[in-house]
Amino acid sequence: MDLTVDPNLHSLINSTTHRWIFVGGKGGVGKTTSSCSIAIQMALSQPSKQFLLISTDPAHNLSDAFGEKFGKDARKVTGMDNLSCMEIDPSAALNDMNDMAVSRANENGNGGDGLSDILQGGALADLTGSIPGIDEALSFMEVMKHIKNQENGEGDRYDTVIFDTAPTGHTLRFLQLPNTLSKLLEKFGEITGKLGPMLNSLAGAGNVDISGKLNELKENVEKIRQQFTDPDLTTFVCVCISEFLSLYETERLIQELISYDMDVNSIIVNQLLFAEYDAEHNCKRCQARWKMQKKYLDQIDELYEDFHVVKMPLCAGEIRGLNNLKKFSAFLNKEYDPVADGKVIYELEEKN
């Protein structure tokens, strides 16, 4: 029986069940290029479906990668009818929350007690903006919003959402949120069970059912936790380069993901030289680096023999703009052949 795993992402690109795809790894290894490439290939392979690519990295790069401006609202990629992008902007989201709090304060008759004046100055946004993990929390809220929209038939509907995540530490905090919130809400539930009437009276004229709101939030968080741990719905694609530190961090990331019960079976290895196949450009430095890369590639192949390990070439130019991304991303669907495809890495269009 042949247990060989294909060295490409063909099965994921053509998947009809996945709703959430996370792309992550160490900083500077090509996560954004990889997430854009996965999103493009899925959109090209399944033209009847809609895909959304979300950047949860504070150093948003989607706009730079595609060469067009994206913001906090999803917008179609020029030249692709079924792929949209958005960049979650924590500062803009916090300002929106601040404005909402001002409106609520005025509605509840608190406009004259100074609270509205404080909030008008952006105090809530300033305070919450300094809380560690706020970026991850806002990204999580975006996931909750999309699930709610899908269930209620509201807003734009997307068959699959691809996440261009922040470097490893931020991503792990984001993925911990469902479990953390679930435990936190359980504790809150115990408190509200004992102090419910008093808490509801403190809610004021708004007559907010705090216990009901907490239960609703807990149900939504549990739905996300269940979806994130369902391998048919969610998977994580690790991105690395063939160097010691990147390999070490990838292993740590994979072990953490396994502890969260998340599916992870794909690794993209970027920036490979394939020096012995390129006699025309094979300098001593290239030979030395390729020798080092092969050493760690051998370790990757040994450690992750049951993973889809996709080996991507180092291109001569920048992989920016839709046309260049299409050329590069094709090697996710059908693995790069350094002999047959060697010329492609020198044929990228220059971008200003």
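Each residue, glycine too, has its Cβ placed from N, Cα and C.
Within Asn215, Asn220, Asn265, Asn270, the residue that Swiss-Prot lists together with Lys26, Gly27, Gly28, Val29, Gly30, Lys31, Thr32, Thr33, Glu243 for binding ATP is Asn270. Neighbour density around each Cβ, counted as other Cβ atoms within 10 Å, peaks among the binding-site residues Cys283, Cys286 at Cys286. Cα of Thr32 (ATP binding site) to Cα of Asp57 (active site): a span of 9 Å. Reported as a whole number, the C-alpha separation between Glu243 (ATP binding site) and Asp57 (active site) equals 23 Å.
In sequence order, Lys31, Thr32, Asp164, Thr165, Ala166, Pro167, His170 make up the list of same-chain residues 6 or more apart from Asp57 (active site) whose Cβ falls under 8 Å from its Cβ. Cβ neighbour density within 10 Å is lowest for Gly28 among the binding-site residues Lys26, Gly28, Gly30, Thr32, Glu243. Note: the Cα of Lys26 (ATP binding site) and the Cα of Cys286 (Zn(2+) binding site) are spaced 23 Å from each other.
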